[in-house]
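> For reference, the structure I am asking about is given below.
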Amino acid sequence: MSTQNKPRQVIEKITARAASDGAGVKLLRVFSGPRAERFDPFLMLDEFGSESADDYIAGFPAHPHRGFETITYMLAGKMEHQDHMGNVGLLSDGGVQWMTAGRGVIHSEMPKQTQGKMHGFQLWLNLAAEDKMQAAGYQDIPASEIPNYEFDGFKLTAIAGETNVNDRAVAGRMQQVKTLPIYLDFEVEETLDIEVDIADGFNCFIYCFQGEVKIGADQTILASQNLARLNQSGKLKLTAAAQSRFLCIAGKPLGESIVQHGPFVMNSTEEIEQAIKDYQSGTLVD
């Protein structure tokens, strides 16, 4: 029997925890740091969201990165990106900013609103050792360029990757050839079953941020702010409750050592020390 006929099982369940970052932005840290190797190639997932401007208005002033990519997905609100390369982009409802830090980037992410709701996610995606010192890059992707798919009882936004959902081909706006990330946002109207093809060997996780989702043959329950990490073989099978919403994220592991120090992610302590020296000496970026 093909392993794709066997549903993936939940092997770890996590509840997002309250944290703050930047200049005091309140957020939920879903996973990061020591857990990163288990989510390879993904390094961190944050959910930020508040109706109160006091929770987000300080933003993320200029700061450095090296060695990975950041994917910021905005559900509601407006935030401006600026970087050392001269890029300026406005991230607004439904948009995505995909930034490749590579050998080094210095950027800021600051709110462009003083009231109202701001809600979104930032995902960190690792780069292979051979790509960590590539030139930095930035893409601003408005909601109008991101594919949306309508199904009976639910719809999905395909940010990245290619797969089949309920036996229908789905292709995201972004493709990355090394780790082949899949990044899907599901918005469910009525209780129903959903199947997603995930290649064997890929790491995969589900993050529920509204409603309830049941995963696998044992129907492991995820409530809002719960994440499930799945095993590496089989098809993803789940039952989503009415009015639920969740992210499905998967990718091919790099299988390389991960050494992180704050905004730098490399493969060795020596490389981290060099990144710090480069930043302090003003040579982190081109």
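Using N, Cα and C of the backbone, Cβ positions are placed for all residues, glycine too.
Below are the features listed in TrEMBL for this protein:
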type: DOMAIN; residues: 29-125; note: domain 'Pirin N-terminal'
type: BINDING; residues: His63, His65, His107, Glu109; note: Fe cation binding site
type: DOMAIN; residues: 183-284; note: domain 'Pirin C-terminal'
> Cβ within 8 Å of the Fe cation site's Cβ centroid: which residues qualify beyond His63, His65, His107, Glu109?
Phe60, Ala62, Pro64, Thr70, Asp83, Met99, Val105, Ile106, Ser108, Pro263
> Indicate whether His107 (Fe cation binding site) is helix, strand or coil by DSSP.
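DSSP call for His107 (Fe cation binding site): strand.
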> According to DSSP, how is the domain 'Pirin N-terminal' (29-125) divided among helix, strand and coil residues?
10 helix, 57 strand, 30 coil
> Taking the Cβ of His65 (Fe cation binding site) as the centre, count every other Cβ atom within 10 Å, in any protein chain shown.
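That number is 25.
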> Counting only residues 6+ apart in the same chain, whose Cβ is under 8 Å from the Cβ of His63 (Fe cation binding site)?
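Residues satisfying the criterion: Gly22, Ile106, His107, Ser108, Pro263.
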> Average pLDDT across the domain 'Pirin C-terminal' (183-284)?
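Its mean pLDDT is 97.
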